Amino acid sequence: MGTKTQPQPQKENERRIRANDREFNAQFKYADNFIKTSKYTLLTFLPFNLLEQFQRLANFYFLCLLVLQLIPAISSLTPVTTAIPLIGVLTLTAVKDAYDDIQRHLSDSQVNNRRSKTLRNGQLVDAKWSGVQVGDVIRLENNQFVAADILLLTTSEPNGLCFIETAELDGETNLKCKQCLPEITELGQRHDLLWNFNGEIICERPNNLLNKFEGTLIWRNQRYALDNEKILLRGCVLRNTQWCYGVVIFAGKDTKLMQNSGKTQFKSTGVDRLLNFIIIGIVLFLLSICAFFTLACAIWESFIGQHFQVYLPWENIIPKNVAQGSTVIGLLVFFSYAIVLNTVVPISLYVSVEVIRFAQSFLINWDEEMYYEQSKTHAKARTTTLNEELGQIQYIFSDKTGTLTQNIMTFNKCSINGRTYGDVFDLRTGEVIEVTDALEPVDFSANPEFEPDFRWYDRTLLDAVRSDEEHAQNFFRLLALCHTVMPEYVEGHLEYQAQSPDEAALVSAARNFGFVFRSRTPNSITIEVKGNREEYELLNIIDFNNVRKRMSVILRRGDDIFLYCKGADNVIYDRLSSSQNDIKTRTQDHLNKFAGEGLRTLVLAERHLDEAYYMDWSQRQQVAAVSLDAREEKLNAMYEEIETELILVGVTAIEDKLQDGVPQTIANLQMAGLKIWVLTGDKQETAINIGYSCQLLTDELADVFIVDGSSLEEVNKQLREFRESVRILNRFRPTPLEPAVNLNINGGNSADRNSSVMYGSGLRTQTSPPPAPAISVVTFSAECNELYDNLEKGEEGATTLRPDEIIEENTGFAIVVNGHSLVHCLSPELESKFLDVASQCKAVICCRVTPLQKALVVELIKRAKNAVTLAIGDGANDVSMIKAAHIGVGISGQEGLQAVLASDYSIAQFRYLERLLLVHGRWSYYRMCKFLRYFFYKNFAFTLCHCWYSFFCGFSAQTVFDPMFISVYNLFYTSLPVLALGVFEQDVSDKHSIEYPKLYTPGMKSQLFNTREFVYSVLHGAFSSLILFLIPYGTYKDGISPNGLILSDHMTLGAVVATILIIDNTAQIALYTSYWTIFNHITIWGSLVCFFVLDYFYNYVFGGPYVGSLAMAMKDLTFWATTVITVIVIMAPVLAYKFYLIDVHPSLADKIRLKCRVSTRSRQSNMVMRTPSARKARRSLRSGYAFAHQEGFGRLITSGKIMRKLPQEFAFPLGLGSKKLQPQTTDGNEGKNSQNNNNSTRSNKNSSTGYLNDTDAESAAGGGGSNGAHNEEDVSPRAPCQDLDTINL
């Protein structure tokens, strides 16, 4: 290897690496390739886990109580009552945390133990990934993951090319090309030369920029510039390349993948955070109560207690001086009451919460409605601590590729010479037949090169091709020739590798129709038409890029020279011959139709070239190509010249297949009030097309803002313009009010169409918008500026909207942000302006974003909006976003399990997110809130009885109940009913939860459990405890039974109050329960029986101190009269308030339940408004062309660099760029969703404001009119598209 040179000092902003020299590289202490995502080790688990658990305020609170209970002088309760539950909670949580960390250890071990071939002393040796170090030369083979960030040295392909797939980094499955330095390719795979390679690399320090790399290679006294085209990043997969060698630059945590992965964050729910706040409040409340009783006790002992020392002697530790003794007694009583009253928040609360969450997680795992048959995958709750947060989501951040789409392109329809193909018509009625799986596709088996997975249903196009119809033949010949696809043979079968799945779909379509692309060289392209080979000389490829939005090839066959071109419709239409007006008009109608169905369109055109003209153009093009001055501009001018006077050939319509049910899911989630942002690494055009396909972008939008500025000033200007546009619309449109919809139980339906309309629960008068400012060329700017100033300053007369109106009503805009612009949007200078615009848009799409940018966007919304966020994705590029959000959802897709492993919940399809949130999320939140309200009620009703009794026992901390009753009250007597409530309770069915998305709104606004609801539960408990104590106390004080026995003893009073308390709890939870199951009956009535059984067993079998107290009291009529009166007095106000709410201020759930109850008794149809169809007509986007890549392979093809002859014994597997359809074997709901999504079924736009009879809804759902009555519950109509909170039953 030669002599080692002395190291040069390394600058702070650079990194020095020498190949094959571990000694040199070791001095810089670079990170090794060992990956660690786990939190604990065997030694650190116990201390670290306990430290983390005691950071929870509740655990620390109960630890302090346990310490106090260990002091006999102040504790009237045994410490076992607190120690056992606390240890149980800590153990349960520790076991769960240990299990989660073991899974992380296993994942780390799997990655670190992957094998990699590394050069050692001139020989290739097998080494673990964790053993690879910076500076090592490693060998990669086809379909192998890249172990670390490496500088490409040599490859098996000519000209040092290799192909990689970057799905783990940016979600894109199309292949990307990398090329090593030409000067190093001579090393080949000779290990002696590679071992002697001692080049020194000076490069940037580790960072998270995936598309940028700057460095210099010093080798043989020469300096070579290094850029991103020569770097392979960890997480990439080598494709279509037999082998390659590279030197490791970044390893382990320094790799760009790990720099983008983000840190694992401890996640807690909003309910947890609220509970922490409430506990602080309760502790302060207890301290104030204890302080009051301390003072009261000291006063009582000073004036009264001192005179009763014969009967109530003071302890020996108490000073004999009255003032000092009273003070000391008061101080001790402070701690005594702190222990007695701690049951306001018992440790059993946290045990119950964990049990409920655990059970709810199993309900998610067992839900057959979220089982995906094709991949045999169930939904899985990977955490048990976040379930109720699913019911409070406000923002959803979604990846695109593999999450919303299947990343499968299909040739769906086309237009040739002014005629459309692809629709199937009923020969009897002439109507278009909806394409379903039951419809028989066209048989292409007569073509030996057909693909079994290809589906086409319109036979007329195949007949036209086989009958040698000129235009159809020319159409498919153009598709077979105008592309940059590479053919290869895998086990004797022809496969295509494309940089874009769009191109693969078009070439595949031509192949199935008989125009088979066979091979290419740098100067020729060969196709096969009906068994006859046609070879064309390839003169030029004018490649695609994002500016040109088109690509062309110039071909020669015989004496004919012609140009084939395909591209975006607006680009091609501007270059068509003037004689094409008639066919342009007809084809434009077809373009509008295809675009309205959400298809990606390309226009095809051709031009026949004169020999002399082409030769002259070619010479001038060559001069422009070697020009040193403004080369790009000159070349573009040459391309513009030849791509004119084109003849229109036709239009292709490609469907980027969405996952089943995506449009319906998005429509329902948006109706529930959730904001959906799409964050994707794909190109802008692709992202916009998918936005329209999945109905995130619709025709109703006033405008779609594009933020693509490259500098801070440009982005600032664009955001200001967009903000002004939004304000103008908000100011001059009518006040956004929705008419109330009266759902008359008897079938009547009316909407108030007068100027005064129902809005929420009150009346508002619709006001006319202010007059628009006078617009003229001279005054427009000044008047608008004045308008903006007024709006910004909030001057009188400026129209402002309430925040809830903005959230619900500002649906007129969408915004699309490019990755390089997003950098500026996230800067402190523009952050607030970006949020101002984005928060008032219906949809936000961020494209070309890095994984770290995804996480930064999520963090921005969490911080600035204080909103609950959910991130959903399927690839490693989504991991940082999933970790950053409050809830992370991973999709078990085609891009590995990295997203699933980092997620909190995993599902198989995006459509299951609707059920996960609107059903399980809402139910979990609803159950948890109801559980907490009842739990706090029963514990305050129980605990505060001691407070009232204190006024009659000299504030001595004497308990009113039996100590055993206090110990088991929350463990046996009241635990199971409230657990059943928290696990099984539901206000409406799962079907109605999805049909009425507005039911989700209370969770978003935290309406079901908040500080106000907590205070209400406390006051309710305090009222109940007062009645519970005073009525029995008044009855039994100085009471005498009919046979003359005295009733006024402490034990009888305690037994009676305890019994009435249990009966009251049973009545309260029975009233609380809306959904009765066998478990509710067993736990509620069983707990009541359990009280009497256990009380008898404890007192009579074990000889408890209260033996006979309850039994004697129950023999007397006084007990039963007292019980009935007390329960009635407690329950009457509760029942009255409940009836008042249902009758005067019913919630949406109350209305739906009432409607369901009435509908079961009355078969009279009710008029409701339908959910808007998820498949709406889409505007004709002139930029909606079907190219998903940024730049093509044209330069590499014509240079010959991309060409190679493969050895027959080496076969490449199918790359992801080629068209590979997955068979759609769905049934049930899946089939319905697939049918709605993929077969372009469209409804009238005005359906969102139409009315649908229940009987019609049943018919639409598949039920006949005659038997619609008994199916009414199963086919309930969709929810109104308007605000359902305004329904009046």
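Cβ coordinates come from backbone N, Cα and C, glycine included.
Copied over from TrEMBL, here are the features:
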- Asp399: active site, 4-aspartylphosphate intermediate (ACT_SITE)
- Asp399, Lys400, Thr401, Glu503, Phe544, Lys566, Arg600, Thr680, Gly681, Asp682, Arg848, Lys854, Asn877, Asp878: ATP binding site (BINDING)
- Asp399, Thr401, Asp874, Asp878: Mg(2+) binding site (BINDING)
- 1221-1232: compositional bias 'Polar residues' (COMPBIAS)
- 17-82: domain 'P-type ATPase N-terminal' (DOMAIN)
- 900-1146: domain 'P-type ATPase C-terminal' (DOMAIN)
- 1218-1289: region 'Disordered' (REGION)
- 80-99: transmembrane segment (TRANSMEM)
- 274-303: transmembrane segment (TRANSMEM)
- 323-351: transmembrane segment (TRANSMEM)
- 931-952: transmembrane segment (TRANSMEM)
- 964-984: transmembrane segment (TRANSMEM)
- 1014-1033: transmembrane segment (TRANSMEM)
- 1045-1063: transmembrane segment (TRANSMEM)
- 1075-1098: transmembrane segment (TRANSMEM)
- 1118-1141: transmembrane segment (TRANSMEM)
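Within the chain carrying the transmembrane segment (1014-1033), a Cβ under 8 angstroms from the stretch's Cβ atoms is held by residues 278, 932-934, 936-945, 947-949, 952, 960, 1053, 1056-1057, 1060-1061, 1064, 1122, 1125-1126, 1129-1130, 1133-1134, all 6 or more beyond its ends. For Arg600 (ATP binding site), the nearest neighbour among the listed recorded positions (Asp399, Asp874, Asp878), judged by C-alpha distance, is Asp399. Spread of the ATP binding residues is 34 Å (greatest Cα-Cα distance among Asp399, Lys400, Thr401, Glu503, Phe544, Lys566, Arg600, Thr680, Gly681, Asp682, Arg848, Lys854, Asn877, Asp878). Between the transmembrane segment (323-351) and the transmembrane segment (1045-1063) there are fewer than 3 Cβ pairs closer than 8 Å, counting only pairs 6 or more residues apart in sequence, which means the two stretches are not in contact. For the domain 'P-type ATPase N-terminal' (17-82), the number of residues in each DSSP class (helix H, G, I; strand E, B; coil) is 30 helix, 2 strand, 34 coil.
With respect to Cβ neighbours within 10 Å, the binding-site residues Arg600, Arg848 differ, and Arg848 shows the lowest count. Note: the Cα of Gly681 (ATP binding site) and the Cα of Asp399 (active site, 4-aspartylphosphate intermediate) are spaced 8 Å from each other. Contact between the transmembrane segment (1075-1098) and the transmembrane segment (931-952) is not supported, since fewer than 3 Cβ pairs fall under 8 Å when only residues 6 or more apart in sequence are counted.
If you look at the transmembrane segment (1118-1141), the same-chain residues 6 or more away from its ends with a CB under 8 A from one of its CBs are 1020, 1023-1024, 1027-1028, 1031-1032, 1035-1036, 1039, 1041, 1047, 1056, 1059-1060, 1063-1064, 1067-1068, 1071, 1147, 1150. With respect to their backbone Cα atoms, Asp878 (Mg(2+) binding site) and Thr401 (ATP binding site) stand 11 Å from each other.
Tertiary proximity for the transmembrane segment (1045-1063) is limited to same-chain residues at least six positions away from its ends with a CB under 8 Å from its CB atoms, namely 941-942, 945, 959-962, 965, 973-974, 1028-1029, 1032-1033, 1036-1039, 1087-1088, 1091, 1095, 1105-1106, 1109-1110, 1112-1113, 1116, 1118-1119, 1122-1123, 1126-1127. For the transmembrane segment (964-984), same-chain residues at least 6 beyond its ends with a Cβ under 8 Å from one of its own Cβ atoms are 77-78, 80-81, 85, 343, 346, 348, 352, 355-356, 359-360, 363, 927-928, 930-931, 934-935, 938-939, 942, 1054, 1058, 1062, 1065-1066, 1069, 1072-1073, 1075, 1077, 1079-1080, 1083-1084, 1086-1087, 1090-1091, 1094-1095, 1098, 1104. Taking the domain 'P-type ATPase N-terminal' (17-82) as a whole, pLDDT averages 84 in the prediction. Between the alpha carbons (Cα) of Thr401 (ATP binding site) and Asp874 (Mg(2+) binding site) lies a span of roughly 8 Å. A Cα-Cα distance of 29 Å separates Phe544 (ATP binding site) from Asp874 (Mg(2+) binding site).
The distance from the Cα of Asn877 (ATP binding site) to the Cα of the residue listed as 'active site, 4-aspartylphosphate intermediate' comes to 9 Å. Counting other C-beta atoms within 10 Å of each candidate's C-beta, the recorded positions Asp399, Asp874, Asp878 are led by Asp878.
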